[in-house]
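Structure record follows, encoded as structure tokens.
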Amino acid sequence: MQPLLVLATLLGSALAGTIPLQSANYHGYKVVRLSGEDTSKISHIVSQLGLETWKFPKSANANVDIVVPPKKIAEFEKMSHAAGLKKQIMHEDLGRSIASEMSFRPYSYGGANDTWFQSYHKYEDHLKFMKDFQSAHAENTEIVTSGKSHEGRDITGVHVWGSGGKGSKPAVVFHGTVHAREWITTMTVEYILNQLLEDKEAGAALLDKYDFYIFPITNPDGFVFSTDHDRMWRKNREQNEKGCYGTDLNRNWPYEWDGDGSTTDPCSETYRGPSPGSAPETKASTSFIKGLADGAGVKMFVDWHSYSQLFMTPYGYSCSARAPNDDVLQEMASSFADAVKAVHGTSFTTGPICSTIYQANGNSVDWVVDEIKGETAFAAELRDTGMHGFVLPPDQIIPSGEETWAGVKAMFSKLK
């Protein structure tokens, strides 16, 4: 969910998407965290130098994570020092960090083997993983697709059920990789999928109550582009006006679509699209979830993002509105955060989306709660809080999976 508040393009036409297959080169780029009491000083630096931000503060003394290209480093250092801002280096060389992260391990047949969660993977291997997982558990799983992406890829997931039989229980829907560069969500959602059947006692207890629909990659075109051409790509790959590419799929859902938490600029990272629900990926997801709602109903929806370590409740479109069952949602979110912390000491902040991270209209969580009356819905921001940001080292995949699975189990214990 994390937005890029782009005040100027990082790589000219490459980041804006005007050259669809140009590979972005981030060697020599620094990612720097600034903080200070007067955030207007930071805004001035970002604006004057035309820099990209990974994260911008909601209040004074909050952190701002900024990407600085080589040719602007000297001026950035001069201006930040003159403004008296605190500085911390997140990535000394973003390109080197990306290269290390992209050491994809070859995939071996057989599902979640000992090496799967030790590295990130290409799109084709994720498809193989899901198919192998389903084959290994054919008696209570099936491959499902919600529809096709703009470029014609299937939006693939796995349906897992328990003793009641296929489709007999209320649905739980987990979405990963809505934003293409948030790779830790892909792996963590797959870790949850694996644990539903590997954690025999806890998994069986959940599957006897609910049918799970797990979609590790809901933005396949964007994800492929992020692995093959631009690691920092966020949106889908539709071509827009001005020759720019991509709609922000978490600003395109057809509920409270037209608001301050997105933009009409086709070149912006938070472009909401030309109309509510216009993106093929959004159409596919809304249609699929509506079908579940018309069946046994939707018990829970979680939209998994990174980064910032947050577990949030509705709403995103308004900072004053609250869901009808807000007290229950807050209790569940707190249970998630407490259980996560007990595993590796990772702290998550909880609260409504708008007041916790930023205003976001046209998002999936609000749509699920108000349009199809899903009982519970949450938006998560996984590891970390900014030391690595979107480029999270592979050695954090398993810890992220372990703590998130603990949080999921705890959250369900509060669900009646």
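Don't overthink the numbers, they just go from 1 along the chain as shown.
Backbone N, Cα and C define each Cβ position, glycine as well.
His305 is the residue from His81, His91, His305 that Swiss-Prot records in the Zn(2+) site together with His179, Glu182. In the disulfide annotation of Swiss-Prot, Cys267 is paired with Cys244 out of the candidates Cys244, Cys319. Every protein chain considered, the tally of other Cβ atoms within 10 Å of the Cβ of Arg234 (substrate binding site) stands at 26. The shortest Cα-Cα distance between Arg251 (substrate binding site) and any of the binding-site residues His179, Glu182, His305 is the one to His179. As a whole number, the greatest separation of Cα atoms within the substrate-binding residue list His179, Ala180, Arg181, Glu182, Arg234, Asn250, Arg251, Ser306, Tyr307 is 17 Å.
In this structure, Arg181 (substrate binding site) belongs to neither helix nor strand by DSSP; it is coil.
On the 0 to 100 pLDDT scale, the domain 'Peptidase M14' (119-415) averages 97 in this prediction.
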